[in-house]
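Annotation comment: TrEMBL describes 12-35, 47-64, 105-129, 150-167, 173-199, 247-268, 296-316 as transmembrane segment. If you look up TrEMBL, you'll see 335-345 marked as compositional bias 'Basic and acidic residues'. The annotation region 'Disordered' is assigned in TrEMBL to 335-367. As annotated by TrEMBL, compositional bias 'Pro residues' applies to 355-364.
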């Protein structure tokens with residue numbers, strides 16, 4: 001079927017759809033990465049699933065609007081004329097039929113994404129504060145986290161089904177509050193959790209800096225370092241502070257994206273209400289190019305999480321290496337195996353499972369063992385500070401790569417990356 005887009009709006013439509021396709025590719029890559037690394041039920045994987053579903057629904061709606069634009073705008077116009085006080089007609093821009101179904105699918109995915117971010121923040125807060133290591137919480141907290149993922153999918157579905165009740169649609173305020181309830185709860189509790197994580201980060205970072213400067217005794221400083229380490233990960237000085245920084249950055253970006261979407265969703269609802277008021281006063285549908293451009297631009301915020309989730313969580317060093325080996329032809333890849341690799345610059349693929357097993361030393365005769373002296377720089381422990389050793393004996397090295405600590409569990413065995 002031929003396109004019904006008004007003349008002058010084709011460039012905007014093509015640009016928005018191209019952007020949506022790019023976001024879809026990024027979200028599909030994130031789904032593939034989580035599946036290949038056995039992270040299929042993680043918070044990142046769930047975000048990737050629902051982001052992909054929302055982008056597919058958005059592209060479907062855009063394609064449907066392109067081939068039936070004049071008919072759809074006319075249906076929306078007369079629907080707003082007949083139901084001027086219906087809140088569902090107002091927030092959905094008068095959509096009916098398939099357009100209304102696709103709108104609710106996208107709105108449901110947005111709500112689920114916001115709830116997942118909130119429960120993920122709760123899980124990160126448990127790790128930062130060390131609650132998951134306490135014996136009385138070791139069993140109940142994993143169950144709560146799993147239940148949170150289920151709740152994140154069922155609660156928005158319940159609120160959307162309640163929006164279809166005629167009694168709810170008769171009250172504009174109750175309808176809007178119920179429609180935005182998952183987003184508002186996620187924003188409110190997410191803000192509280194973000195402040196808690198930030199406070200813990202600043203407190204632990206300050207103690208860590210004091211230890212690196214040689215201030216304080218061994219007992220307090222050692223506990224400060226241990227408290228700064230997420231539970232379930234090996235305690236490595238060079239990975240610990242890096243991980244905390246990325247922990248805060250990951251959650252901050254997700255929270256900021258959630259806040260931006262909440263503002264955008266509010267603007268969309270205001271625009272829909274404005275269109276409703278204009279259509280009530282008008283005598284015929286608005287088929288201008290300006291109206292089409294503004295309608296298509298509002299498709300962009302809903303698909304942007306697909307791009308964000310890949311940039312934030314899919315570009316760590318292990319995942320970049322994994323995609324490099326999978327997508328770059330073998331003859332174009334650098335022959336890094338022929339060159340000796342420095343121990344301090346090689347990525348650690350076993351941060352989530354413990355330190356690697358050291359290689360066995362070569363077998364030497366008893367005579368040679370006495371003649372060979374193996375020397376290596378000694379690294380002072382935190383306890384050495386309290387014993388009166390020099391401050392210069394303690395050297396804390398931080399890698400320039402801020403994504404050294406892998407988000408997904410990746411190990412390298414037999415020359416390839418496995419789980």
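A Cβ is built for glycine as well, from the same backbone N, Cα and C atoms used for every other residue.
What TrEMBL says about a protein is an automatic prediction, not a curated fact.
Because the structure is a prediction, the values reported are computed rather than measured.
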Range from 12-35, 105-129, 150-167, 296-316 with the greatest count of C-beta pairs under 8 A to the transmembrane segment (173-199)
105-129
Below 8 angstroms Cβ to Cβ, which residues of this chain, lying six or more residues outside the transmembrane segment (150-167), approach it?
46, 88, 104, 107-108, 111-112, 115-116, 118-119, 175, 178-179, 181-182
Counting only residues 6+ away from its ends, which parts of the chain sit with a Cβ under 8 Å from the transmembrane segment (47-64)?
13, 16-17, 20-21, 23-24, 27-28, 30-31, 34, 72, 98-99, 102-103, 105-106, 109-110, 112-113, 116-117, 296, 299, 302-303, 305-306, 309
